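TrEMBL has this to say about the protein:
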- 3-280: domain 'Aspartate/glutamate/uridylate kinase' (DOMAIN)
- K5, F6, G7, G8: ATP binding site (BINDING)
- T43, E121: substrate binding site (BINDING)
Amino acid sequence: MEVYKFGGASVKDAGGIRNITNIITNCKKEGLLIVISAMGKITNRLEELTTAYLFEQDDVQQIFEEIKLFHFNIIQDLFPDSSHPIYDEIVNSFVEIDWLLEEEPTDAPDYIYDQIVSIGEIVSTKIIAAFLKDSGCPAIWLDARNFIHTDNSYKEGQVNWEKTGQDIQKNLVPMLERNIGVTQGFIGSTSENFTTTLGRDGSDYSAAIFCACLNASALTIWKDVPGVLNADPKWFDETERIPQLSYHDAIELAYYGATIIHPKTIKPIQNKNIPLYVRSFIQPEAEGTNITGLKNHLPVPSFIFKVNQALISIFPKDFSFIIEENLSDIFNLFHKHKVKINTMLNSAISFSVSFDYDAKKLDALIADLSQQFKVKYNTGLELVTIRYYNQQTIDRVTINKNILLEVKSRNTCQIVMRDKVAIE
Ligand SMILES: Nc1ncnc2c1ncn2[C@@H]1O[C@H](COP(=O)(O)OP(=O)(O)O)[C@@H](O)[C@H]1O
Ligand SMILES: N[C@@H](CC(=O)OP(=O)(O)O)C(=O)O
């Protein structure tokens with residue numbers, strides 16, 4: 001049993017779907033489960049639609065029509081016969097959104113979000129399963145919500161591993177014996193059968209859940225890059241592919257923000273010692289990266305950039321020390337406002353934290369912190385994390401930058417900085 005995961009970038013248009021069909025039909029494995037995300041950037045568009053509906057904006061129908069048109073253009077390209085049953089199937093999937101939009105937005109926003117946004121994965125998998133079948137592949141469409149069970153935390157469903165494992169073993173394993181299963185990433189369902197999502201970019205995590213519960217022999221994540229590189233090629237000109245990576249380094253890179261793999265992906269597969277292969281859907285025959293229980297550490301320094309960072313520094317109002325009690329109050333407020341800390345550093349009378357900038361969260365957090373502490377903040381910053389750093393690598397990334405915060409552990413260095421010109 002093996003699991004493949006294809007993300008939005010691999011199925012952004014009809015050409016992409018033809019390409020992944022070639023990859024799948026060339027491997028022709030029975031006992032293969034394929035986990036697929038929404039096409040291209042459709043999740044972002046469905047988020048826009050949700051916001052427009054919740055705030056009763058005028059452009060609700062226009063956004064919805066554009067989303068439908070995007071999918072129907074792809075269907076027309078893949079299935080020239082307009083009487084193909086896929087046309088009705090997709091119309092029916094979108095009707096679920098139609099019904100919702102007809103009502104006043106009185107339900108909880110996170111619940112509404114999940115019911116709308118999940119349709120991206122439903123339609124992409126229906127289209128791809130139908131195309132695979134027409135291409136002679138023994139594909140069956142499977143509803144991930146019958147297997148991935150979560151609690152009621154909409155937008156951030158927490159997996160019920162016991163129930164998920166039981167259903168996958170009992171119901172999914174037999175289905176994969178003679179078929180190639182096509183299912184959705186990113187979505188699950190509550191015990192009352194309402195759809196949940198697992199958090200943005202959560203399809204890699206879905207693939208890892210399926211893999212662990214199937215006791216699969218491998219997970220392959222197909223990307224638009226040749227494998228895991230030592231930096232995101234969008235930010236760095238010279239990158240190197242890392243042929244072998246340990247679970248430990250992979251989870252550290254993902255945790256610090258390397259968007260190539262969702263951070264929650266590694267634990268389930270590491271726990272079952274399942275290898276994770278990251279390969280290119282553009283050059284499917286190329287080697288990629290193998291992530292395993294290897295003991296060696298990364299052969300080259302790796303860089304992770306995050307832009308749009310906020311940095312806040314928190315001081316007790318009476319010049320007293322930052323002690324455990326203050327820290328616990330501070331952490332509780334970060335937790336309350338759902339602000340995820342990227343870096344932190346404390347001194348005798350200050351505690352500094354960087355995190356992804358979100359205007360609303362920042363204002364609310366500062367308002368709460370200011371009741372007990374003096375707070376200073378900066379926005380528009382960059383955070384670079386270097387795993388296996390040395391002075392040369394630090395110098396390389398800090399040219400023409402002002403450093404606001406630098407935190408070093410034995411293997412990892414994090415620097416919060418901004419362009420020198422920005423303050424002159
Ligand atoms: N260390 C890294 N190695 C390779 N790619 C990286 C790395 N860090 C970030 N990326 C980015 O991850 C992208 C692939 O992830 P993403 O677009 O989320 O794929 P998907 O559509 O499959 O979810 C690449 O295009 C690349 O810009
Ligand atoms: N479609 C979801 C889930 C996901 O993981 O997508 P992708 O594999 O394209 O990153 C999202 O964009 O958040």
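Note that Cβ sites are derived from N, Cα and C of the backbone, with glycine treated the same way.
As the structure is a computational prediction, the values presented were derived from the model and not from experiment.
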What's the CA to CA span in angstrom from K5 (ATP binding site) over to E121 (substrate binding site)?
13
Once the chains shown are all counted, how many other Cβ atoms turn up within 10 Å of the Cβ of E121 (substrate binding site)?
29
Scan K5, G8, T43 for binding-site residues whose C-beta lands under 6 Å from an atom of ligand 1 and note them, or write none.
G8
Cα of T43 (substrate binding site) to Cα of G7 (ATP binding site): how many Å, rounded?
11
Going by DSSP, is K5 (ATP binding site) part of a helix, a strand, or coil?
strand
Counting only residues outside K5, F6, G7, G8 in the same chain, those with C-beta within 8 angstroms of the ATP site's C-beta centroid are A9, S10, V11, V35, I36, S37, G185, S203, I221, W222, K223
Starting from the Cβ of T43 (substrate binding site), draw a 10 Å sphere and report how many other Cβ atoms land inside it.
21
What is the interatomic distance between the Cα atoms of G8 (ATP binding site) and E121 (substrate binding site), given in whole Å?
9
